[in-house]
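Visitor: TrEMBL lists 20-42, 62-83, 95-117, 129-150, 171-191, 211-235, 290-308, 339-359, 371-393, 624-645, 657-678 with the feature transmembrane segment. The region 'Disordered' feature in TrEMBL is assigned to 691-733. Per TrEMBL, the feature compositional bias 'Basic and acidic residues' maps to 704-733.
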Amino acid sequence: MTDKEDLKKEKKGKGKSKVVCGYPISIFFIVVNEFCERFSYYGMRAVLVLYFKYFLQWDDDLATSIYHTFVALCYLTPILGAIVADSWLGKFKTIIYLSVVYAIGQVALAVSAIHDITDSDRDGTPNNMTFHVVLSMVGLFLIALGTGGIKPCVSAFGGDQFADHQERQRRTFFSVFYLCINGGSLLSTIITPILRGQTCGIHTQQKCYALAFGVPAALMVVSLVVFIMGSGMYYKAKPEGNIMMSVCKCIGFAIKNRYRHRSKAHPKREHWMDWAEEKYDKLLIAQIKMVLKVLFLYIPLPMFWTLFDQKGSRWTLQATTMDGNFGQLVIQPDQMQTFNPILILTLVPVMESVIYPLIKKCGFNFTPLKRMTVGMFLAALAFVCAGVVQLQIDKTLPVFPSTSQSQLKLLNMGNKELAVQLPDNVLENLPPAQANEEYFTFTEEEVSISIVTPPLTKTIALTKGLRQTLLIPSDINQEWVLIDDLTSKPEEGNNAIRFVNGLAKDLNVSTSAEDFGIIEPFMSSNYSLLRNGQHTFSLMSGSQSCEYTRKFGFGSSYTFFIPSTFTFGPNCQESITEVEEIQPNTVHMALQVPQYFLITAGEVMFSVTGLEFSYSQAPSNMKAVLQAGWLLTVAVGNFIVLIVAEIAKLPKKWAEFFLFASLLVAVCVIFSIMAYFYTYIDPTEIEAQFTEKKEEKDEEEEKDEMKKIEVQMMKRDSIKSNDSDDGFKQSKM
């Protein structure tokens, strides 16, 4: 019995030893493994860009760039994983080894998010940020290597567990498998942002990125353990070589051979791949031609992924400047990504069972390439919506001073109205215990501020690039205090709160979350960050105390002034002056829902249809090549984000959204032209033609061989007869 027959017999009999409900037990371990791994990946990725911005203190552009570099790597490494699995280690060992690498990367990332490791002065901020950056980058590289490396192996390994007669069970397995992918993605994008929103720490309580990364790391370890538990039940196919290597070698030989015969002395061939006929089989060359035809259509596709993957970066950052209060439910900025898997699970069956059949009934030939074109257009519309939302957000954002400007607000701490004259004869009337509403902007380093009655002029030294508040005491002859205000929105949707003590005695202010400390007379506290929601402040001075309750939104900044006329008691909050420096986010996160709907509808029409079209247009043994090409378009799309962002350097985010939308519309037009001239093929028929020709050729060669054998036999017979005649003659003589 040959090795090939042994392999067929082994393949036919696999999966029969342990079966439950018609399914091999081994696939249950694979399904649980995939759910845990997808939860780990998408959970980590959901909070990644906020980790870059708020923990590592990177700006929006750098955070976006590193995020998309990581995503690109995750879609480049599957090619490496497929080659290693098919040519060297096999799927089982590749999954095991790279899962270990993956888990180590997740643990490294979780450890990098523990601020207490390098927080030597215990102020809540790491003192050695280089340690955290390096460890997180090493962790992300290992994660990219692990998740990408096992991506092409797990689903194929699951398919290997079924025997040839279990086609129905295999189809059901793949449906459940992809349901686990979306289920893991959905749950993780809900849970990990909640974990990130918690506070944790040994010395100081900060946002718990370590927990948000630690839970996905634990799930990855569980995924690995579960997969290993089923080891004895798996069918483990031996590596049989990777078709991508054969394709690359054939293409390489065709290019080299064409270059060697580039002179006009050699006649041209119908297709440049025909120059590989000297070494490779014509069927393989024909199959590669079919694949190249599809890969040519892939050229414009990366632009779709350029827009699509920004929902995890630019759109999440956009959500941090919005109001996430949905009544009883408060949505975190990174939880808005949850709409994508929810809409996918909803739109896929709706598209397949309602939309596409309805379009067909209307008599419109909605071909796969037309669907993909519409999907790209919907993604462009999604970015137009994002740009419109950003315009609304920008209207609510404060105008901070440039590096050549300074801004000033005046606070009257006395109980009498003050008439204040500023440069350029600007007159401002300050009511008692009140501040002016808008900041004054100056380009001078020193400004003269005069009190009209009683007359008094003081020169105030301002700091360029800063917002400041001037505290004017009730006795204007005393020292005027200048305090610094915020020059950016508070991070992560928090509210920056401080108190100014106008009493002639010390004041202590605290809440359950923060302690503002003891505030000296006519001085202010530092800013403290408070989460959205209702907070109760306890004000104490000596034996006197009272409570002040206030509800906050997202991203605001307030100064609360305790005037000299303040009296402790049940109604003490009525005499507290509230000065709004930065207004809370007023644009609601619900306005992002249309852009998420459009981008997800585009994904369903583009991605699902694109894979279906690619598989229908390629030979059966070339599916892996097309899968690699498809994943490569995702990687290139993420690199385009970096290139466009660096070249354009647009100061306004809405302009960047419109730029990306315009680029995709242009690419959409190009793709529609390419699709118009594309001719659909049936790879099975083309392969059958080559197979028939090969069989006919084999028959002819067999006939020629038989003729040669007959001729040789006739020659032998004639030689034998001649030899016998010669012998007879010799004996006679």
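Please read every residue number as a count from 1 along the shown chain.
The backbone N, Cα and C atoms fix where each Cβ goes, glycine too.
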Visitor: The transmembrane segment (95-117) vs the transmembrane segment (624-645): three or more C-beta pairs under 8 Å (separation of 6 or more)?
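Guide: These two segments do not touch.
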Visitor: The transmembrane segment (171-191): which same-chain residues, six or more beyond its ends, come within Cβ distance under 8 Å?
Guide: 23, 27, 30-31, 34-43, 46, 155, 158-159, 162, 215-216, 334-335, 337-338, 340-342, 344-345
Visitor: If we skip the immediate neighbours and take only residues 6+ beyond the ends of the transmembrane segment (657-678), which ones have a Cβ under 8 Å from one of its Cβ atoms?
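Guide: Counting only partners 6 or more residues beyond its ends, the transmembrane segment (657-678) has Cβ contacts under 8 Å with 293, 296-297, 300-301, 303-304, 306-307, 310, 314, 367, 369-370, 372-373, 376-377, 379-381, 383-384, 386-387, 390, 644, 648, 650.
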Visitor: Examine the transmembrane segment (129-150) against the transmembrane segment (62-83) and state whether at least 3 Cβ pairs sit under 8 A, considering only residue pairs 6 or more apart.
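Guide: Yes, since the transmembrane segment (129-150) and the transmembrane segment (62-83) share at least 3 Cβ pairs closer than 8 Å, they count as touching.
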Visitor: Taking a Cβ cut-off under 8 Å, which residues six or more beyond the ends of the transmembrane segment (290-308) line up next to it in the same chain?
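Guide: Counting only partners 6 or more residues beyond its ends, the transmembrane segment (290-308) has Cβ contacts under 8 Å with 247, 273, 369, 375-376, 379-380, 382-383, 599, 602-603, 606, 610, 613-614, 617-619, 622, 625-626, 629-630, 632-634, 636-638, 640-641, 644, 660-661, 663-664, 667-668, 670-671, 674-675, 678, 681, 683, 686.
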Visitor: At a C-beta cut-off of under 8 Å, are there same-chain residues at least 6 beyond the transmembrane segment (624-645) that contact it? List them, or none.
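Guide: Distal contacts: 61, 64-65, 68-69, 71-73, 75-76, 78-79, 82, 86, 151-152, 242-244, 247, 291, 294-295, 298, 301-306, 308-310, 313, 610-611, 614-615, 618, 656, 659-660, 663.
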Visitor: Using a Cβ cut-off under 8 Å, which residues of the same chain at least 6 positions beyond either end of the transmembrane segment (20-42) come close to it?
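Guide: Same-chain contacts beyond the ends: 99, 102, 106, 143, 147, 150, 154-155, 157-158, 161-162, 166, 169, 172-173, 176-177, 180-181, 183-185, 187-189, 216-217, 219-220, 222-224, 226-227, 229-230, 233-235.
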